[in-house]
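Quick look at what Swiss-Prot annotates:
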REGION    1-91  region 'S-100-like'
REGION    97-125  region 'Disordered'
REGION    157-180  region 'Disordered'
REGION    262-359  region 'Disordered'
REGION    404-448  region 'Disordered'
REGION    413-832  region '14 X 28 AA approximate tandem repeats'
REPEAT    477-504  repeat '1-3'
REGION    782-803  region 'Disordered'
REGION    839-942  region 'Disordered'
REGION    938-1507  region '23 X 23 AA approximate tandem repeats'
REGION    980-1000  region 'Disordered'
REPEAT    986-1021  repeat '2-3'
REPEAT    1022-1044  repeat '2-4'
REPEAT    1122-1144  repeat '2-8'
REPEAT    1417-1439  repeat '2-20'
REPEAT    1462-1484  repeat '2-22'
REGION    1489-1549  region 'Disordered'
Amino acid sequence: MSPLLRSIFNITKIFNQYASHDCDGTTLSKKDLKNLLEREFGEILRKPHDPETVDLVLELQDRDRDGLIDFHEFLAIVFKVAAACYYALGQASGLNEKEAKCERKGNPLQDRRREDQRRFEPQDRQLEERRLKRQELEELAEEEELREKQVRREQRLQRREQEEYGGEEELQQRPKGRELEELLNREQRFERQEQRERQRLQVEQQQRQRGELRERQEEVQLQKRETQELQRERLEEEQQLQKQKRGLEERLLEQERREQELRRKEQERREQQLRQEQEEATQEEISERGESRTSRCQWQLESEADARQRKVYSRPHRQEQQSRRQEQELLERQQEQQISEEVQSLQEDQGRQRLKQEQRYDQNWRWQLEEESQRRRYTLYAKPAQREQVREEEQLRLKEEKLQREKRRQERERQYREVELQREEERLQREEEQLQREEREKRRRQEREKQYLEKVELWEEEQLQREEREKRRQEREKQYLEKVELREEEQLQRQEREKRRQERERQYLEKVELQEEEQLQREEREKRRQERERQYLEKVELQEEEQLQRQEREKRRQEREKQYLEKVELQEEEQLQRQERQKRRQEREKQYLEKVELQEEEQLQRQEREKRRQERERQYLEKVELQEEEQVQRQEREKRRQERERQYLEKELQRQEERLQEEEQLLREEREKRRQERERQYLEKVELQEEEQLQREEREKRRQERERQYLEKEELQRQEERLQREKEQLQREDREKRRQVRERKYLEEELQQEEDRLQREKQLLREDREKRQYLEKVELQREEEQLQREKRRQERERQYREEELLREEERLHRKEQQLQREECEKRRRQELERQLEEEELQRLDRKRQFRDDDQHQNEVRNSRVYSKHRENKEKSRQLDDSWVRESQFQQDLRPLQDEQEEKREREQEWRSRQKRDSQFPAEQLLEREQQKETERRDRKFREEEQLLKGQREEKIRYLEEDRKFREEEQQLRRLEREQQLRQERDRKFREELSRQERDRKFREEEQLLQEREEQLRRQERDRKFREEEQLLQEREEQLRRQERDRKFREEEQLLQEREEQLRRQERDRKFREEEQQLRLLEREQQLRQERNRKFREEQLLREREEQLRLQEGEPQLRQKRDRKFHEEEQLLQEREEQLRRQERDRKFREEAQILKEREEQLRRQERDRKFREEEQLLQEREELRRQEREPQLRQERDRKFREEEQLLQEREKLRRQEREPQLRQERDRKFHEEEQLLQEREEQLRRQERDRKFREEAQLLQEREEQLRRQERDRKFREEEQLLQEREEQLRRQERDRKFREEEQLLQEREEQLRRQERDRKFREEEQLLKESEEQLRRQERDRKFHEKEHLLREREEQQLRRQELEGVFSQEEQLRRAEQEEEQRRQRQRDRKFLEEEQSLQREREEEKRRVQEQDRKFLEQEEQLHREEQEELRRRQQLDQQYRAEEQFAREEKRRRQEQELRQEEQRRRQERERKFREEEQLRRQQQEEQKRRQERDVQQSRRQVWEEDKGRRQVLEAGKRQFASAPVRSSPLYEYIQEQRSQYRP
């Protein structure tokens, strides 16, 4: 076994091991996949037990989000892991370095390495993205370490301040005479410490500058190396392209050599063929002279056939050569396409390398930004003057670095553009060379075709000459051929006559075989009926036992539920009581219902199923349309993304577009040529088809002539058969007379058996009455009413029969009383047979009622046979029969009641499960235990069923023995009666003549009734056909309307999304512009504030010098003047801000209004155009459907009519041939079959309902588990993201961000939950509808087979009529087919024309859309470049999101594309929300900074005032205290103390 096969075997083995654990054996649950990842891939994954890693793999793996991982998804992750291992192996063994050395030396493994690189390129990209993520995480860790260092420094400063604060307190406690000396010493110490700190900062700054120089030098070296690598790669690419060119040229030369060789061989073959034909012609002339007339004739026929073949095959020969040329052209195009793909892959490799270089540069830039942030932190410890100086130096340095970066970026872009221009020039050169090659190839092809056409013309001229010679030979021997044809026609006629004779014999044998098969089928049906009756009795008993078992199960289930549901128990008990009351009420109502209501319910169910099927189809269509929309949106986004990536090459793209347009023009011309070629070929095919059609018509005419002759003979045969049937009818009438005599004796014996049977049934009924006493009253009332109706009917019949008896007594008054009863019984039986036949046609849908009526009729017949003293027994028997009917009706109702009870039980179980799921998640274990218990009970039930079956079989054997004994007794009695009948035969002969006359009249009346019924059926069938056609038209109209509305809504939605996207882009652009303006204003404001601050400081110094001379009122005036100045300045700023905001809002509203109007106009135009096109398409489809459906409907209607006619004839035959017991047996058999079918269907429905509910519950449990896992995973992801944001942001943003994320999380969870619920609901409805439709189809298939079996006999009798009808239908179909072909050709031309127009319009729209998107993207990029560079966190998040987007996009291309759109939409929404959130945060930050700045200004003003006031006060106290200096020194009013307090307030946490 090869390593590949062994690996595949191991993969499938592992999958099957885990899949067979808990699921259906074909898929993995997420829990099993998690275990598999942790166990099998633990050594490969970086953190195998990390929940983040495993959950991320699970989220990426389950692309269809069904909670299960199938084998395809499992294979995808296995291949990803294998690719990761391959990449890790290369890194560990240092393959990359060795391969780089080999490349410099010209290693021969270079091509193989490129192929591997191309093959594993997506995996390498993903690994690169993961490596970048790890680097970013490491950078975050470094930032955290820096923050911790800063915190430690701040703590040291705080401790130092605390020490100083303690020293100050000690100074205050010391004597006041030493305070000034200690204060001076402390100031000196503080200055020395500051000096040391400045020296240390300078040393650190020098070290950083040296490190920066080293890094810049390294960066320059890296750039040099990268440029060298790029040059080397460019050289390698050029070498590879040259190799490819050489390979292409060699292939083209080789191909030309092959074509020349083929042409040479073909020319030699043609020359050889011409020589052979010339030799054959000479031989034929020689043989003509020597051979006889017959041989010449035969040779002539063969030569004619050859000539026809050559004519026919000359055209395919040309077509074959043409197809060969087309194949060669296709091969050349494929080779060219392959070369272009290879060139494109090389360009993509270079683009990826450039992206890597840019990423490295961005990382270096981030590192420099971090160092700058560290420098800013260090400056916080310096004094204000030093901080100001350092800040200015940093600003200058930042500007210089920004300029340098901008220069480097421009230099890179310039180099990149130069490289791109060179590539573009190379590509243009290649395209020009390609065009030149194509032109050369075209000239060669044209020359070859010209040569070939010349040869073909020569060959055709020679062919024409041969045909002329053949025509001369044909004219010479034409007379002889006519004679030969006459002989052949005579021979054909003889063969046809022989075939007809054989066909008649075969048909006769088939009829005989059919009769034998019918006899066997009747016997089998009788056996099946008996078997079904036995099974029916068994099922009745089983149903009773099942009812008891269900009640026991219900009790146990309620006991178990009481343990877990204390509060819910009361509600469930009330529900159960209500259901029991409802059940009793329904049972009382159902006793009065008949089978008609059941049929109406079935009709309603069918209608509901039809509605559900339509709803499912509509949902399916909507899903398909949604998928198509998502596909369109994906394509549009892909185009936009590609266009954004190529913005910096706008001019080059425009030139490329012009070239592409020219190439497309050429391609369109080529397509037009191909289309014309296809049309020419199609016309040739049409001509061939017309020739074949003419031949078919000729054959059809001959066939019709033969069939006409055959039908005439068949008509003669039918007349003979009709005469024979009349003879047989007479014989049957004779046999019927004899049968009636025998039946009289048989009835007496049957009456005795009936009495015994009734006694046994009475005993069984008594047992049943003991079980069902609670239903007796209601059933008795119903039976009494039925008995009264039955008595009235019997009274009418009795009067009629008494009149008949009186007439018979007048004619046969000399006969004995016994004979009179027999004669009366005979006439009554004949009358009853006629009534039974009519009732059977009328009551096919009410078979239960028919059986009851039949039993009553039998009772009446028995009462007439017996004497009057048995009338009391008859009443008791009627009562017993009523009890039998009652028991049977109850048995019939029992399955329905059981089904309803089971439904209620299932509903209760479902509700209780829902409540348990909401309150007790641990109840899943109980459900599994219940499932095991149900399986155990089912096993016990099957064992009990087998025992009961054995008991029933013993009972049936006992009844069979009794029946045989009675039959023997009846045989003995029959022999005795036959002796008596022989004596009376002479007397009855005269009576039989009169009876025959009555029978004839009876048959005539019966025939009239049949004709009326036939007419009614025809009318009913036509009415149904019209209704069906009308329904079909309405459905089609409704579907068209729905389709049109759906497309209209989709178009509106697409336009709205586009408008929303444009508005969003415009709004983001304006927001960024406003942000930039606000930042500029803030900077100006800061400069203004700085200028004001310096001005105030100078003013304060001047004021301090003049403060001694001024009075106390002057500081107050100055403060008032400063306050007014600040207030006015603040008012001016607020007004300017308000004016800017109003102007911005006004511009935004105007632009939004203009965009809205334009988009509305475009949407209206597009909607009207598409609406017109859709209406036209729908009309065409409707006409096509109607044309296709009309012949089918007509055939279906005729077929149904013939089947119904055959059914009626078959029933009439069976009624005439079979006896009354057979009719009864057939009726009972059908009834039992239907009962059994109903029970089987109900049992199957119950089973399906149980399985469906079980699957739904299991699915609900899985969905809940999946939902919990998703929530847990989302929660962890959000918590981690929140932690990162909290570290990066300041303390004042925490509360606001937390609230915003919680609201966003709630919204997403609600939307996700709603989508999941909607999807699950639709899936369950579809599954249920599919089951119902499958059940309906199976039922229809079974009914159809049953009808087909019954109709076989009648179809064969009417074979001749069908032939005639089929011939008419065939001719109509031929005409319709021709019309459809012509219509299809016309539609094809119209479709081609429309397709070309649509293609051109789509091309124009695409180009306009492309330009608009390019313009918008260009503006967007220009605005993005102006954003603030210090937004590091936003940049990092965007990179992470883009990397995730690319990884998910690559993964989704390998798997199912249907889910990609949803994920991308969520990703875009998240980015949009993130962008808006950041914008709101920044705006809020800006407001906070402004407020903080105002507060700081106010605090500075107050502080300066308080400082001035305290200095004045201190000076006054010093001047006043001349006698007692240092007595009360103002320690807290010094500027040094205020400075310390300010520093402490800044660094205090």
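Each residue, glycine too, has its Cβ placed from N, Cα and C.
Sequence-distant neighbours of the repeat '2-3' (986-1021) (same chain, 6+ residues past either end, Cβ-Cβ under 8 Å): 733, 736-737, 741, 823, 830, 834, 837-838, 841, 1197, 1200-1201, 1204-1205, 1208, 1212. Per-residue confidence over the repeat '2-8' (1122-1144) averages 72 (mean pLDDT, predicted model).
Taken through DSSP, the repeat '2-22' (1462-1484) splits into 23 helix, 0 strand, 0 coil. Per DSSP, the secondary structure of the repeat '2-4' (1022-1044) breaks down as 23 helix, 0 strand, 0 coil. Counted with DSSP, the region 'Disordered' (404-448) comes out as 45 helix, 0 strand, 0 coil. Counting residue by residue with DSSP, the repeat '2-8' (1122-1144) contains 23 helix, 0 strand, 0 coil. For the repeat '1-3' (477-504), residue counts in helix, strand and coil come to 27 helix, 0 strand, 1 coil, using DSSP.
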